[in-house]
Amino acid sequence: MGTAKVTPSLVFAVTVATIGSFQFGYNTGVINAPETIIKDFLNYTLEERLEDLPREGLLTTLWSLCVAIFSVGGMIGSFSVGLFVNRFGRRNSMLLVNLIAILGGCLMGFAKIAESVEMLILGRLIIGIFCGLCTGFVPMYIGEVSPTALRGAFGTLNQLGIVVGILVAQVFGLDFILGSEELWPGLLGLTIIPAILQSAALPFCPESPRFLLINRKEEDQATEILQRLWGTPDVIQEIQEMKDESIRMSQEKQVTVLELFKSPSYFQPLLISVVLQLSQQFSGINAVFYYSTGIFQDAGVQEPIYATIGAGVVNTIFTVVSLFLVERAGRRTLHMIGLGGMAVCSVFMTISLLLKDEYEAMSFVCIVAILVYVAFFEIGPGPIPWFIVAELFSQGPRPAAMAVAGCSNWTSNFLVGMFFPSAAAYLGAYVFIIFAAFLVFFLIFTSFKVPETKGRTFEDITRAFEGQAHSGKGSAGVELNSMQPVKETPGNA
């Protein structure tokens, strides 16, 4: 197998795919900045309809629904990934669901003109479904078009798209840009533009060669696409691996979500996939970002919105750092470093918030702890859970596994968003100790259960888990970690 290169075709395909990740990040962060203005819109609209001032409880419920319905849509979308990718393919699925994004964007963008609370909530639900689908499509497509030696680095671009989307939403949400009383519908409806751009660019991207060969038996087209994407004529080894996997798939029926839970062969990789997704959300990162303005305000920052944007910049910078580290240090190592660093920062956040009234310097300690916490998140728990799921499963169960992992991520995101305010009100600064405890648990789990997938082919990883299932031992992680990874030489990639 020839040495794979970073070709313009590969970069273009991955970049276009990550527009879906950008959409997820943008729509996650876009609702926070105009909170007060949207509440005023809800109040005005209900007053006109009810001919009386709405109760405060009703306003709070509707606002919470506007925020939380996005995660409900994400759960629905993420669980529907397999329905699309097995029927339409990876690329065509991304193309089709942009229609959903455009519909959701239009509903949100015209909600104010129509004076319709229902349009706003329905738009958030629909855009959530779209983003849930994207969290499955994008990592799967990137993992299947990337060379083994570059799979981790390109997989990190999925997370980079998410954090750039969050940052853009924070900046555009400033009151002198689009976060004003007149322009906030444009802020929400802006999601239409990336959807149109991706729809225009996707026809120029290739379909996943693994899907073409394994699912459609189109070997010649898969070979041509691999040669073009990887910049080498010698892709015999990769094609043979796909053919072997295709033979194995033909001997067993397509894997459904239910069969994924029933089969002993899939138990260990599925457990790892779900726990890693939980480690991302129960690390507390979204709680910090959802309520970062208030946290910075409590810490004594005069303009907390700019401190929040600063945290978003740190978020983006360290995602880029992770991109360069992931193929050197490995997924497992970076994930453990990230979890450990976040646990320490959570303790420092608790201590500094408790002592900030007594010691002025503690406000500075709190801000630094938050920024370092965000940096550690993007080194490991941010990017790695998304793309490692695609690495742990072969072609047959991969769509179902992505659906289960994505749904667990969205569900845990929803739970954190729902219960963090109550927990913070009851526990105060001690709430971050809960996240520290979760982080320590996930660190121990990763140490004992998660294999290092750096430099492994999909076949290597799958065989290790199958061997573990047949032997009845929980040793796949140890077995993979003790193997020598595939190295880049003139004879392989």
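Backbone N, Cα and C define each Cβ position, glycine as well.
Relative to the membrane, GLY89 and ARG463 occupy the same side according to Swiss-Prot. If you compare ASN43, ASN409 in Swiss-Prot, the N-linked glycosylation site annotation sits on ASN43. In Swiss-Prot, the feature phosphoserine is assigned, of SER246, SER475, to SER475; the remaining candidates carry no such note in the record. Of the candidates SER250, SER482, Swiss-Prot records phosphoserine for SER482; the remaining residues carry no such annotation there, which does not rule it out for them.
Secondary structure at GLN280 (D-glucose binding site), as computed by DSSP, is helix. In sequence order, ILE162, VAL163, ILE285, PHE377, PRO381, GLY382, PRO383, PRO385 are the same-chain residues whose CB sits within 8 A of the CB centroid of GLN159, GLN280, GLN281, ASN286, ASN315, GLU378, TRP386, the residues recorded for D-glucose being left out.
In space, TRP386 is the closest of the recorded positions ASN43, GLN281, ASN315, TRP386 to THR232 (phosphothreonine), judged by Cα positions. With respect to Cβ pairs under 8 Å, the transmembrane segment (154-174) is most closely packed against 184-204, considering the stretches 91-111, 184-204, 270-290.
THR232 (phosphothreonine) carries neither a helix nor a strand DSSP state and counts as coil.
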